[in-house]
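Below: one structure, written as structure tokens.
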Amino acid sequence: MSPPTATILLLVLATALLVVATAGADNPTAKQGCQSNCGGVDIPYPFGVGADCFRPGFEILCDNSSGVDIPLLPGATSRPDWGFDLGIFGDWFADQVRVLSLNVTPRAEIRVETKVAYQCFDARGNVTKQFGGGLNVSTTSNQPDVDADAPKDGACEGIGCCHINLPPSLIDTRMQLSTWPHIDLEYSPCNYAFIVEKGRYSFKAADVKDDMLSNQTMPLLLDWAVRDSESCSNLKESACVSVNSRCADSDNGPGYVCHCSDGYEGNPYVQNGCQDINECQRNPDTACPKHSECTNIAGSHTCQCSKGYKREDDSKTASCIAKSSKFPLAAKLTVGIVLGLSLIVIALLLVLVFFQKRQLDKSFEKNGGKVLQNVKGLTIFTKEGLKKITRNNSDFLGNGAFGNVYKGTLPDDTIVAVKGSIVVNEESRKDFTDEVEIQTNMIHKNILRLVGCCLEVEVPMLVYEFAANESLQDILHQKKNQELPLDLRLDIAIGAAEGLKYMHSSTAQAIRHGDVKPDNILLDENLTPKISDFGLSKLNIEGQFAKKVVGCMGYVDPVFLKTGLLTQKSDVYSFGAVLLELITGKKNVYGENQSLIIDFCKVYEKENSGRAMFDTEIANEEDMFVLEEISKLAIECLCEDIEERPDMTEVAERLVMLRRDKKLKKTLGTYGSLEDITMAGSPIQQRT
């Protein structure tokens, strides 16, 4: 048994065959002194609004009765000849029709808005409402009988919807639908019929099952032409009044239309409406072939091949090719290969430079460049600048605590020493930048001055003032021909003590060096001592413990080894070891792995004197008092109880007093009392 059926009235569509997407000219022109726009729609002549503003038969009404301008085609009493027998619209043209657009060129068309014709029924088949509009909807011929679910969205092929294309020159059309019984059937309540612009309506099954389209409108394109003559061949009075315009027979019915001549655009229906097109400006990439120059002329343009090029043939559209050269083919190939290889090499060099620059920037940032570039008094050297200063590391001085040391010369002929620093990472960056800033701000004659640094390398390089006579280690233990009288040794001890004193107490933040030894006491051309190698120095923060052993083991404070706490008294201990080397001439570890500190302390404890170990070069009887006082000071510096050790201020003052006492001895023939001799003329308070 077949499923129940329902009679569904067809939705009838008629679509114009010659519908195209249109756009008006860039500058639609109305008749001079006439309204050129209505409700956003341009009104180009021959159309017009108002008396003397339109060609006969081309009137447009601009209705403002609703408070908004609406362009309308006039009613049937003054309807124009649009190229259709308006009988196809029945009474439709008795009503005014809204105009959506008016096009003069490139095609003579009007887009209007038409009402949908409809006829609706109730379940008993009685007509409930209807509108004939421009189409006479008849109910005498067709009675399609299909399943209620048969219509499909988008399919207008006869089930629920059918359509036809309107051929050109059509002047009459009739569409009729027959009556049919509605009782006891599922039904579509309404029949619809309309002419619509192609592509502007897509069928939906719901349109025939519901009252969806009544009181709706559809867009429709109408061709128009000037109909006062059958064709261009028998014109009475041409409507093509612009210079550089031409007449063309209508392709949809009798009459003609006007076009601008080739190379011109605009409105051919008004004086001087057709204007020259500047093809060179409008289409700069396509107006002429490659390697040519475009020149605009009236109604056209010319193309002239550029210098060194010629036409491939005699045609106007021929490409421009390079003129033949006297260069032989082999030479051309050679030049091409050389140029190609050169470009490759240049490209590779540019890539290399780019990556090198990125690596330099990366190292600069990793090494704290963003912070250090703002430190006053610190010079930031580039990697290339540092190579020039050291002549590409050609003058090797020796090995430092963190790498090689090189001699260099600044542009102002200042001699400097360039040495490696610690490896900087995310964790140590702040410590490193703090250290460099501290050294930059320490200005003292007995501290090696930090001139600048280079941060564009993996391991930062530090640039210091140059010490011409190397280190105390060198002249004390390696240069056997270097004479070191007691006065010189005492001056070196005093200078080194003054430098440490400045570090401990005279800077904004007290600092501990952490690696005091003869290697780190450099001597300039005048044998003035300079405390150096601050790679291990730290801010003196109370209670800060070192994470690892720092300094050279022979000079390291035993209290630090036990507690891990590095203090300024740790520097005092190390300086005491340096004093022993100055008065004994022996290394910290001498002989067969003998400890100078242990051996000297044993002798001093046993004999209450260090005479037995004094350097014979300076151990003359007249200076024995000074040597004994230095011995006593060194033993106090090496005291295991850090509270019993003097600070560097006291150490420096006592050494200065010894030098003055020694000079006084030469003058008076006897030593004075240490209790009565002071640096500034006031008694020294003895430690208890």
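Backbone N, Cα and C atoms are what each Cβ position is placed from, and that goes for glycine too.
Whatever TrEMBL says is automated annotation, not expert-curated.
Per TrEMBL, signal peptide is recorded for 1-25.
What TrEMBL records for 228-275 (among others) is domain 'EGF-like'.
The domain 'EGF-like' annotation in TrEMBL covers 276-315 (among others). Counting residues 6+ beyond its ends, the domain 'EGF-like' (276-315) has Cβ neighbours under 8 Å at 244, 261-265, 321-323 in the same chain.
What TrEMBL lists as transmembrane segment is 333-355.
Sequence annotations record features per position, and here TrEMBL assigns domain 'Protein kinase' to 391-658.
In the three-state DSSP assignment, the secondary structure recorded for LYS419 (ATP binding site) is strand. What TrEMBL lists as ATP binding site is LYS419.
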Q: Could you tally the C-beta atoms, other than its own, that fall within 10 angstroms of the C-beta of LYS419 (ATP binding site)?
A: 22
Q: Please spell out the DSSP helix, strand and coil residue counts for the domain 'EGF-like' (276-315).
A: 4 helix, 16 strand, 20 coil
